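Take a look at the structure set out below.
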Amino acid sequence: MPPKLYHPQPTHAIPVSNMRVNTRYEPTAGFSGTSVPSVQAANPSAYLPNSATAQMGFQLGKNAVNAGQEYVEQNFGKWLSTTRLHHYFTVTNSYVVAKLLLIIFPWRRRSWARKLRRSEINGSAEGYCPPAEDLNSPDMYIPLMAFTTHILLLCALAGLQDDFQPELFGLRASKACAVVLVEFLATRLGCYLLNISSQSQVLDLLAFSGYKFVGLILTSLSKLFEMPWVTRFVFLYMYLATAFFLLRSLKYAVLPESTMAINATITSHQRSRRIYFLFFIAASQILFMYVLS
């Protein structure tokens, strides 16, 4: 029979302070055993000198932003609204190809009248069809892409001639924007003096002023042949094609004959003046294209 074991008993009293138990739970980070200090959420208002003053400042800033948005919407919303811009960028691949061929070979086109979008309820005209549904409708996609391609192509040709500089991008782009702006303002002034007004006229004029870059791209590409007579021939042909294209395309705006025109009824004297103005727009393309080439 094994002997009985006796455990030693403490012979002195244990202080109460050493028997204190920490009842607060502190989470550990992973398996390292280190405690993660508790972080209290910061109060943003504690850092502000006066919360009432800050709220007043925020409210004034919000009111100023809302007033600015309302002013822009009232004065420029009718030209630069999202709905109108979406109309000019509603294109398809087949439309882009057909439109480029129309700009280069406008002589083959027979009908230049724009299609009207009819209401499904009473059949009344609600506006013009988007470019994807009407080849004669102006768009913003081709002018913007042609503008960008024209700038890049000129810089690339300068690089082939060891004459490229980084500043050339800005110079070419600024020059092209200035020419387009001058043409747009001159055309807009002529429309104002002749009392020519139609819906979405501003965006239409901007779109038509950018189609000339298609001919300028072909003119720049012809320089790769290093034969001056080829470049002159391409430039002259593209000028005639662009002028004829604008002459037929702008007719619906300058000489309104549809129900979408605001002032469709004009006298014979006004009509003759508008025809001269239309030919002036077409003839002036040779000057703008020469400056940009």
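Every residue, even glycine, has its Cβ placed from backbone N, Cα and C.
Remember, it's a predicted structure, so these values are computed and weren't measured experimentally.
Here Swiss-Prot flags 1-139, 197-201, 248-271 as topological domain 'Cytoplasmic'. Summarising the annotation, Swiss-Prot assigns topological domain 'Lumenal' to 161-175, 223-226 and lists sequence analysis as the type of evidence. For 140-160, 176-196, 202-222, 227-247, 272-292, the entry in Swiss-Prot reads transmembrane segment, with the evidence type sequence analysis.
If one looks beyond the transmembrane segment (176-196) by at least 6 residues along the same chain, the residues whose Cβ comes under 8 Å of a Cβ in the stretch are 147, 150-151, 202, 205-206, 209-210, 213, 253-254, 263, 270, 273-274, 277, 280-281, 284, 288, 291-292. Long-range contacts of the transmembrane segment (227-247) within its own chain (CB-CB distance under 8 A, at least 6 residues past either end) are made by residues 102-107, 208, 211-212, 214-216, 218-219, 278-279, 281-283, 285-286, 289-290, 293. Averaged across the topological domain 'Cytoplasmic' (197-201), the predicted model reaches a pLDDT of 66. Within its own chain, the topological domain 'Lumenal' (223-226) has Cβ neighbours under 8 Å at 157, counting only residues six or more beyond its boundaries. With a cut-off of 8 Å between Cβ atoms, the residues of this chain six or more beyond the transmembrane segment (202-222) that come close are 79, 84-85, 88, 100, 103-104, 138-140, 142-144, 146-147, 149-150, 153-154, 157, 176, 180, 183-184, 187-188, 191, 230-231, 233-235, 238-239, 241-242, 245-246, 249-250, 253, 285, 288-289, 292-293. Cβ atoms under 8 Å from those of the topological domain 'Lumenal' (161-175) belong to residues 151, 154-155, 291-292 of the same chain, restricted to positions at least 6 beyond its ends. In terms of DSSP secondary structure, the topological domain 'Lumenal' (161-175) contains 9 helix, 0 strand, 6 coil. Sorting each residue of the topological domain 'Lumenal' (223-226) by its DSSP state yields 3 helix, 0 strand, 1 coil.
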